[in-house]
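*Asks:* The ATP binding site annotation in Swiss-Prot covers 74, 92, 105, 106, 107, 108, 109 and is backed by sequence analysis. Residues annotated as domain 'DAC' in Swiss-Prot: 7-146.
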């Protein structure tokens, strides 16, 4: 799920300065040359109003040009698409009343310009040998690929453990659904695990963006681990969203789950109320029945439209499991062949779920 607009700008900027891009190559050249730099990633009337001195260039961007221009005093201004160098050796004069927590002149200017213009600004420190990015109201130090990969691999190992636990609780839920023994606790535990896995994956996606071309293998591993998780998230909520709930639609509930604090996410009672369950302390032990979305999604070659019609017609998974071929054919869009496929598919799923739980 998408985060706030500031996060989108932040990630887009990280992608633009990721290893393997011409711009990152230019920054690395500046670092290796032991010089500093102040670079504004965008140009408009507001930026122009902060610029004094220097000279206009309007030439095509290249890493070598950026490196050579950084040798001069003053800031460099690039076009918003980073394809052209607009100005160089300019003196930036931001509003001194704009708050900043930085101490060095270059970094203070960078933070103020970023806040005042709402364009990303990069400050390359000659003394500390770091690249600091100021964007969307935050400061972020760009690390090398080795440091990012180390953090990403730790997060990936955590994701693998959480995914393994998710598969266990999801398998248990499937078996309980077949036996019609599901409680609110069982269903909410799966939603909780799905949200935890999604959050870890979202963090790893940030590393993938930051790594650029160095993040290809990490991206493939993430894709493999997260296959089907987002769909499972939606179907679990649709299966157990109480009828007439004030929580709203499944999409609204998923959005609220994404916005929950880490502390609230660990509390199953709070989680249950977000999904729409109401009641006292015994809310988690209340028995509930799924509609059947999760189970029907596992039947091969069954279109989503047909799944919706089957759920609308039968109402609960238990009625679906009890339905014969003739009963299934009564649903619009379900012919004899598809009815048999659904019947056999549900029977196999029921058998395998029970076996996995007890054998």
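Cβ coordinates come from backbone N, Cα and C, glycine included.
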*Asks:* DSSP says what for the domain 'DAC' (7-146): how many helix, strand, coil residues?
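*Replies:* Taking each residue of the domain 'DAC' (7-146) in turn, the totals are 50 helix, 42 strand, 48 coil.
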*Asks:* What are the sequence-distant neighbours of residue 109 (ATP binding site), meaning same chain, six or more residues apart, C-beta distance under 8 angstroms?
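*Replies:* When sequence neighbours closer than 6 are ignored, residue 109 (ATP binding site) has 38, 75, 92, 94, 123 within Cβ distance under 8 Å.
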*Asks:* Near the ATP site, what residues other than 74, 92, 105, 106, 107, 108, 109 in the same chain have a C-beta no further than 8 Å from the centroid of the listed C-beta atoms?
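*Replies:* The answer, listed by sequence position, is 38, 75, 104, 110, 113, 123.
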*Asks:* Return the count of C-beta atoms lying within 10 angstroms of the C-beta of residue 107 (ATP binding site), excluding that atom itself.
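*Replies:* Its Cβ has 21 other Cβ atoms within 10 Å.
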*Asks:* Only counting partners 6 or more residues apart, tell me which same-chain residues put their Cβ under 8 Å from the Cβ of residue 105 (ATP binding site).
*Replies:* none
*Asks:* Counting across all protein chains present, how many other Cβ atoms fall within 10 Å of the Cβ of residue 92 (ATP binding site)?
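*Replies:* Taking all protein chains shown, residue 92 (ATP binding site) has 23 Cβ neighbours within 10 Å.
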*Asks:* Could you list the residues of the same chain, at least six apart in sequence, whose Cβ is under 8 A from the Cβ of residue 106 (ATP binding site)?
*Replies:* 36, 38, 123, 125
*Asks:* Could you say which of the binding-site residues 74, 108 has its Cβ with the most other Cβ atoms inside 10 Å?
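*Replies:* The residue with the most neighbouring Cβ atoms within 10 Å is 74.
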*Asks:* How far apart, in Å, are the two Cα atoms that lie farthest from each other among 74, 92, 105, 106, 107, 108, 109, the residues recorded as binding ATP?
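*Replies:* Pairwise Cα check on 74, 92, 105, 106, 107, 108, 109 gives a maximum of 14 Å.
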